[in-house]
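As structure tokens, the structure follows; a few thoughts come after it.
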Amino acid sequence: MFFKQLAVLSFATSALAAHGVRNPGTNSLNFNRIDKRFTFPIPESQGSQTFEATYTISGNETFDGGMKTYGRGVDCSGQAEGGDSDAVFIVKDGGTLKNAIIGADQIEGVHCEGSCTIENVWWEAVCEDALSLKTGDGPFTVIGGGAQNADDKVIQHNGGGTVSISGFTAYNFGKLYRSCGNCDEMYERHVTLESVTAVSGSASLVGINSNYGDTATIKSDTCVTDVDTVCTEYEGTDNNDEEPQEISTGPSNACQYTDPLPSC
């Protein structure tokens, strides 16, 4: 009888593991973890174009990239800070970039100088940052698209105002969104995440500076798998020579979400 019960238990455990179900009392999946089989859903490229200089999208202009891959023909320089001249695109106040793939052959990705819309834009591989919201008080809108293989940040918010991120996919990243923690000029910033898919995040989905009044609102239709922390609060500083200090993690008045978020 004992051996029959043991055999049944062994079969049940194997069945759960085969379907990637968590073992009771553990925090890991048996055998088939989602991040091991996750496929980053980047669209098929419709061609490629290499810019010799940064391409500027003027205010109120919409640049439709036709799902081509755009780059600068250079090697990534890691986390060394680049400048506007290293970006693939600069989007001026009121401009829109849509339907584009940012190739791995670049340093700075996309810069927004003022309010911008980034729609269905994908990053093959993030270098320093994927998207830098450099100036202005927004609103900044990210619709769809995605980024993968970011050692640190995907979206860096240096200006003020509000960022809306919806339907975005982040895979193998450090932080999806970071409100600048030590810019020379600090602002109150707000971010909302809706229908975001985040898999394999080594640091935090969102990082904000609550001492400057920042807030993060993460809707319950956002899913996370193997993301170290959902929301981290920092004490930001306007001294660029200092690093911001972590205050807390988890839901709060500044980090607004229901814990736990669903798995992807």
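From the backbone N, Cα and C atoms, a Cβ is placed for every residue, glycine too.
Long-range contacts of the compositional bias 'Acidic residues' (235-245) within the same chain, counting only residues at least 6 positions beyond its ends with a Cβ under 8 Å from a Cβ of the stretch, are 179-186, 209-212, 214. Annotated compositional bias 'Acidic residues' per Swiss-Prot: 235-245, in sequence order.
Annotation comment: Swiss-Prot describes 246-256 as compositional bias 'Polar residues'.
The N-linked glycosylation site annotation in Swiss-Prot covers Asn60. Take the CB of Asn60 (N-linked glycosylation site) and look out to 10 A: across all protein chains shown you find 10 other CB atoms.
Annotated region 'Disordered' per Swiss-Prot: 234-264, in sequence order.
Taken from Swiss-Prot, the feature signal peptide applies to 1-17, supported by sequence analysis.
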**Message:** Counting by DSSP secondary structure, give me helix, strand and coil numbers for the compositional bias 'Polar residues' (246-256).
**Reply:** 0 helix, 6 strand, 5 coil
**Request:** Go ahead and report the DSSP secondary structure tallies for the compositional bias 'Acidic residues' (235-245): helix first, then strand, then coil.
**Result:** 0 helix, 2 strand, 9 coil
**Message:** Are there residues at least six beyond either end of the compositional bias 'Polar residues' (246-256) with Cβ under 8 Å to its Cβ atoms? List them, or say none.
**Reply:** 204, 206, 208, 210-211, 214-218, 229-235
